[in-house]
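Student: The structure is given below, and queries will be raised subsequently.
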Amino acid sequence: MRRDYVDPGYSPKDTDLICEFHIEPAAGISFEEASTHMAGESSIDSWTEISTLSPELAARLKPHVFYLDADTQTVRVAYSEDLFELGSVPQVLSAVAGNIFSMKIVDNLRLQDITFPKSMLREFEGPNFGLPGVRDIVGVKDRPLVGTIVKPKVGLTSEMHAEVAYNAFAGGCDLVKDDENLTDQKFNGFEKRAELTLKIAEKAEAETGERKMYLCNITAPTCEEMIRRLHVLKDLGASYAMIDIVPTGWTALQTLREAAADEGLALHAHRCMHSAFTRNPRHGVSMLLVAKLCRLIGLDQLHIGTVVGKMHGDKDEVLSIRDECVLDTVPADPEQHVLAQDWGGLKPMFPVASGGLAPTMIPDLYSIFGKEVIMQFGGGIHAHPMGTAAGAAACRQALEASLEGISLQDYAKDHKELEAALGKWLEK
């Protein structure tokens, strides 16, 4: 590599894509050297001087390392939009999250955030429904939505799965979804499960007078099969499909977004596998950026963490991810490594809090997230002493209490399902 891309006097253009990285150089490598090599490898340069890289080409496409802070090991790089294929998340990641993670000159490297210029944002449609559209589908305008995951994760027959879903719907759940590792196994085939569970959702709607949504997992071994399963759901009358975003991949997600828009189905995004590369604060890619890419592509709702449940993620991090999902304009937050982003009118995603939640946590969830959240419970519903329907009822009762500013203990005096939930889960 023959060039120095460190350029602290550079002012990014409105058309530049900007990345923030955390960089820890290898022994014997300066912070500036690691930064310039990373910038070159993620754009136009190679490990040695190449005659095919003309001065004219370099001047037009070279990256600019315009911010360096060795104390916090933070670097920001501005890239010309001409380096990227418009409308392609995979190509962007191949550049700024590709070979650079294999370089020997860094011990650790983390891509914290990307600011996309308006010229690139225009090539993406964002969520088809998003938060406001999901509220229209479900018919709930003024409270958090309540959902559950059918448990156990796997092992139930299609008939048993539908029965569990029915009990959850009847007890008060707005949404019932498959777990991430349930797709099309021999004990619970995709098409039979979808047909039976969508039928019982209709039954629960008729009985309760509320809309009931089943989120069936269409994660599949090929894009063709994934889209076929989407069509099956549409033919069965579904309003939703669920997808495991990381195992499925970015190209498949962009393909799915187009097909789902054609069919008029909302997309629920499960983030399983993300922690393989997001959890280490010194290496990998941030969950905030994963959320940003999901909104860019156009998923309608996304798991973001809970703060109070079993999943990793402190309050500041989770709320930064929430803001990236819902705000029209995200302000920069250097402490959380968040870059400013004007979303250019793309719809907000509905944040989903899920993982290790019980009805007793609803006051805290409501205090943290407010009304614009989907509260999703697994064991916190199905492990209720009185069964799944009672677990769902306890969640709705705890939510009603929180909305009315009443303590759970007081509300439980006239609500036996909540009383039983307090007896099981409330910390003594």
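Just so it is clear, glycine is given a Cβ too, placed from its N, Cα and C backbone atoms.
Per Swiss-Prot, the features are:
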- K151: active site, proton acceptor (ACT_SITE)
- K153, R271, H303, S354, G355, G356, Q376, F377, G378, G379: substrate binding site (BINDING)
- K177, D179, E180: Mg(2+) binding site (BINDING)
- K177: N6-carboxylysine (MOD_RES)
- H270: active site, proton acceptor (ACT_SITE)
- K310: site 'Transition state stabilizer' (SITE)
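Context for these features, please: burial, neighbours, distances.
Tutor: Around K151 (active site, proton acceptor), the same-chain residues six or more apart in sequence whose CB sits under 8 Å from its CB are V164, D179, G378, G379, H382, listed in sequence order.
Around H303 (substrate binding site), the same-chain residues six or more apart in sequence whose CB sits under 8 Å from its CB are A269, H270, R271, V352, A353, S354, G355, Q376, listed in sequence order.
A C-beta separation below 8 Å, combined with a sequence spacing of at least six in one chain, links K177 (Mg(2+) binding site) to G147, T148, I149, V150, Y214, L215, C216, N217, M242, H268, Q376. In the three-state DSSP classification, K177 (Mg(2+) binding site) falls within a strand.
Around the Cβ of H270 (active site, proton acceptor), 27 further Cβ atoms fall within 10 Å across all displayed protein chains.
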Student: Using CB atoms and a 10 A radius, I'd like the single residue among the binding-site residues D179, E180 with the highest neighbour count.
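Tutor: Sorting the candidates by Cβ neighbours within 10 Å, the top entry is E180.
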Student: Where does K153 (substrate binding site) sit in DSSP terms: helix, strand, or coil?
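Tutor: Going by the DSSP assignment, K153 (substrate binding site) belongs to neither helix nor strand, so it counts as coil.
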Student: Starting from the Mg(2+) site formed by K177, D179, E180, give every other residue of that chain whose CB sits within 8 Å of the mean position of their CB atoms, in sequence order.
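Tutor: Here the non-site neighbours turn out to be I149, V150, K153, D178, N181, L182, N217, M242, H270.
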Student: Identify, among the binding-site residues G355, G378, the residue whose Cβ has the fewest other Cβ atoms within 10 Å in this structure.
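Tutor: Looking at the binding-site residues G355, G378, the Cβ with the fewest others within 10 Å is that of G355.
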Student: If you draw a 10 Å sphere on the Cβ of Q376 (substrate binding site), how many other Cβ atoms land inside?
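Tutor: Neighbour count, Cβ to Cβ under the 10 Å cut-off: 28.
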